[in-house]
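Database features (TrEMBL):
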- 2-332: domain 'Ammonium transporter AmtB-like' (DOMAIN)
- 23-44: transmembrane segment (TRANSMEM)
- 87-108: transmembrane segment (TRANSMEM)
- 115-135: transmembrane segment (TRANSMEM)
- 147-167: transmembrane segment (TRANSMEM)
- 188-205: transmembrane segment (TRANSMEM)
- 211-238: transmembrane segment (TRANSMEM)
- 250-273: transmembrane segment (TRANSMEM)
- 279-297: transmembrane segment (TRANSMEM)
- 309-329: transmembrane segment (TRANSMEM)
Amino acid sequence: MMTPGLACFYGGLVESKNFLNQFFLSIVCMAIIPVQWCLFGYSFTFGSGNSVFGSFNNGVLRSFGLNNFYGENPDPTKALTIPSLTFVAYQCAFAIITVALISGAVVGRMKLIPYMIFVFLWSTLCYDPLARWIFSNQGWLNQMGTIDFAGGMVVHFASGISGLTVATILGPRSDFDPDALKTGQTHLPFTVLGTGMLWVGWMGFNGGSALAANGIASLAIVNTNVAAASSIVIWIILDIICGKAAGQSLGVVSIPGTCSAVVVGLVVITPAAGYVQPGYALLMGLIGGFIVYLFLLGKNRFFHVDDSLDVFTCHGVGGLIGSLLTGLFCQTD
């Protein structure tokens with residue numbers, strides 16, 4: 001649900017000439033990544049191996065009747081919370097949307113075939129190792145105590161940094177003007193629809209990371225909604241304040257900005273969703289929305305990389321803020 005939601009979200013923010021192409025850049029990930037994940041992606045990430053790399057031992061998802069969630073310690077007598085293959089499918093959805101996020105940084109600058117090759121290689125060389133280091137019990141960062149409930153570093157920080165990198169390598173669009181307002185946004189209803197789909201899907205994204213229907217899952221879902229809502233509130237307040245500072249009698253509240261605020265709040269709470277109380281989730285949404293809003297103002301003025309849909313700002317900066325705040329507010333109980 002989240003990847004088609006992302007397609008709608010991104011598609012509504014681009015000019016009409018790029019709408020269908022941008023829409024498809026997200027959808028095509030739903031074809032490439034499940035194939036890669038089945039062949040060797042899951043085995044590289046959660047299969048047997050060392051603290052840095054996995055192996056081909058669970059290639060094409062063989063021998064899964066005896067494996068637990070993370071592919072290690074076969075134990076046919078131990079009851080599992082969910083079937084192993086359910087976890088495989090769930091983690092595949094993470095892998096799909098992570099690389100799809102990057103497409104928002106390269107609007108109008110990548111042909112389909114090179115993009116498809118990039119999706120396959122990036123997932124293999126970047127996503128799979130990073131997910132192993134943090135998500136797998138065998139990963140070296142996991143063993144050092146790194147906590148990331150649902151992908152603040154693995155999904156959002158990684159895709160944000162990669163979006164900035166690929167946008168820098170490709171260079172700006174031929175008609176890119178960092179000082180001009182975005183024009184041609186004729187499909188904003190798609191963005192609003194996509195925002196709603198992402199928000200609902202995110203409850204599965206975060207709540208599902210508890211790997212059970214329990215109190216931690218409930219906590220993660222409540223925190224997800226609270227952080228998104230508080231991020232919207234601070235974003236609207238800042239829109240009004242900045243609008244009045246610019247001489248407008250009533251501050252103008254931006255629809256694309258408000259939709260981005262939802263995503264920022266969701267991104268910031270993702271690494272902490274099951275580790276903090278709702279009051280801290282509210283505070284994290286406020287902090288994340290405030291910092292990202294100010295960062296966007298500075299970016300538009302000083303940072304002239306053509307990151308078309310602010311992937312680095314919303315996901316890279318937001319993921320970093322959320323990961324740091326997770327260490328500040330998490331509680332062992």
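From the backbone N, Cα and C atoms, a Cβ is placed for every residue, glycine too.
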What stretch of 23-44, 87-108, 147-167, 188-205, 250-273 shows the most Cβ pairs under 8 Å to the transmembrane segment (309-329)? 147-167
Within this structure, do the transmembrane segment (147-167) and the transmembrane segment (87-108) have 3 or more Cβ pairs under 8 angstroms, counting pairs 6 or more apart in sequence? yes
In the same chain, residues at least 6 away from the ends of the transmembrane segment (279-297) whose Cβ sits under 8 Å of its Cβ atoms read 222-224, 226-235, 238, 242, 261, 264-265, 267-269, 272-273, 310, 313-314, 317-318, 321-322, 325, 329
If you average the pLDDT over the domain 'Ammonium transporter AmtB-like' (2-332), what number do you get? 88
